[in-house]
Structure formats: structure tokens, C-alpha cells
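J.: Have a look at the structure that comes next, please.
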């Protein structure tokens, strides 16, 4: 909801984007832990005079926001989740500055993973992984809170147990029906927690980090099925729905989940022609991987509120 200024409807916010910070914790046993976060801050505040009259006395400088990220990271003497760090930042901005009514903190974590050498975890060695952990925290001065976590770039592929049949056919359709194809996608998922206030946040250390790992595990298990027999996918849509349903079924404190799953195609190579019917017989073992165009599939699933 905006303000009325000089006869106009007016909405505003300001913030600092792409604040990169890495935090290193050194355990007493010599084991190191490191995170790298890309932090985006947006503040909603009562600073209309800055726009209308050039009076900056109510502006929180974006330089201050950037430096606050580093100060708050320094204050985290114990290892903590990205969500808890975002909540702490949002709480600071809404409580420390009288004019700030809402803080929106978005963070993307770079996926540094511990190295294993000869099967043993390295004390201080890390390698860069693939998918990224994300979060968005919206906190209001009243204490109202919304926490959303997610994963980006989760690339998945199974070489069988996928098909696509019974779809609409018209004069522009050339895609053959099949019960045997590869299924590849790059999952983007975001799930909203049921916590609605700062006081309702779990106090267990690394709670959100553990839940992120748990949700990702459920998504993977549902996509692939059991390790030997797998599970058949009649469409990306069906698999997406089952993945979303599995997450809500497993975790009662997640109220909704959104999934984006592009259908990334692997096209069987066929070098046969009328003139040369069998140049090379591939028998579905050589494919052309493609990036685009690709199908786009997106859906969200939410719990229904109980009727009184």
C-alpha cells in the first residue's frame, strides 16, 4: 500500500544489491566451515521528504546497509543458517530505525562443498558445487514475518522411465507419442514456511539449513524413485505435482511450494534416410543434448486453510 503525495499515488523503497560476504568459522577441532552469501536489501520506510523536498534526514544510506551486512556477519560467532542471518538483518533494520516499516532480505548462497580426499572429509578444503540455496525474508516493524527458502539450478536427468502420450494433436503437431524417453530438467523451487512472527521462529541452531537439505532430499527421491526400479513419469507436469505434494506431505511447517521445471530435451540421433536406410544404427544410445527451445512447466501447491 502506497502513499498519496501531491495528488499522486506514490510507492517507494530503496536498498543495496549484490553485497557479497563470506563468513569463516574455525572449530576447536581444527575443522573449518565457510559460507559465501550474495545479499540484497530493500527497505520500506517513511522517507517521502527525500523524494518531494530533497530532505535526506530520514534516509538510511545504502553504504550503511552494506556495512551492516559485514558487522552482523562478524557478530555471528557461531555457525548459523542463511535464513537466520536474513532474519537477524531484517530485525535490525526494522527495530534500529524508527522510520523503517518493512525490511526485505534476499540471499543466494554460493554452493561451497567440503572436499573429500581418499574418502575422508578435508579439514579446510572446499569445492564449488552446482545448485544454489536461496531465501527471502520479509519482516515488519510489528514483528510479522514471512520466510521463503528455495533451491536454484538443481539439474536432474534420468535416462528411462519417462513418457508422454495422449496429448492434443493437430496439423502443427509432429511430436510422436512415447513411453520411453529421457527426462531432464533444472529445478527451481521455493517453499514458504508457516512461521508468521519473529517469536515463532525455531531456536534450534541450523534448523533452516537442515530443513533445506531435507526438502531437497524429498524432491530428489520423488523425481527418481527407488534406486533399482525407479518410478515412471507420464509427464513433467505429473512429476512436478508429485514432488510438490511429497514436500507438503512430509513437512507440516511448510505452507506452500512453487516449482519450475523446464523440459530439457535429449533428441535421439538418426542418420538413416530413404537413400541410405541404415547408415548408422544407434538403437537409442546416441543423443543430441539441447538447451533451447525447451518446454516450461511451473506450478505451486498450498495448504487449504481450515474452514471455521
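Backbone N, Cα and C atoms are what each Cβ position is placed from, and that goes for glycine too.
Please treat TrEMBL annotations as automatic predictions, because they have not gone through curation.
Taken from TrEMBL, the feature active site, charge relay system covers 16, 62, 265. Sequence annotations record features per position, and here TrEMBL assigns urate binding site to 62, 63, 164, 181, 236, 237, 263. The O2 binding site annotation in TrEMBL covers 62, 263. The feature 5-hydroxyisourate binding site is assigned by TrEMBL to 62, 63, 164, 181, 236, 237, 263.
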J.: Compile a sequence-ordered list of residues in the same chain as residue 62 (active site, charge relay system), six or more apart from it, whose Cβ lies below 8 A from its Cβ; state 'none' when nothing qualifies.
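T.: Result: 14, 15, 16.
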J.: Which number gives the other C-beta atoms within 10 angstroms of the C-beta of residue 265 (active site, charge relay system), all protein chains shown included?
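T.: A 10 Å sphere around the Cβ of residue 265 (active site, charge relay system) contains 18 other Cβ atoms.
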J.: Counting only residues 6+ away in sequence within the same chain, which have a CB under 8 Å from the CB of residue 63 (urate binding site)?
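T.: Set apart from residue 63 (urate binding site) by at least 6 residues yet with Cβ under 8 Å, we have 16.
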J.: Could you tally the C-beta atoms, other than its own, that fall within 10 angstroms of the C-beta of residue 263 (urate binding site)?
T.: 17
J.: Taking the residues 62, 63, 164, 181, 236, 237, 263 listed for urate, what is the greatest CA to CA distance in Å, to the nearest whole number?
T.: 53
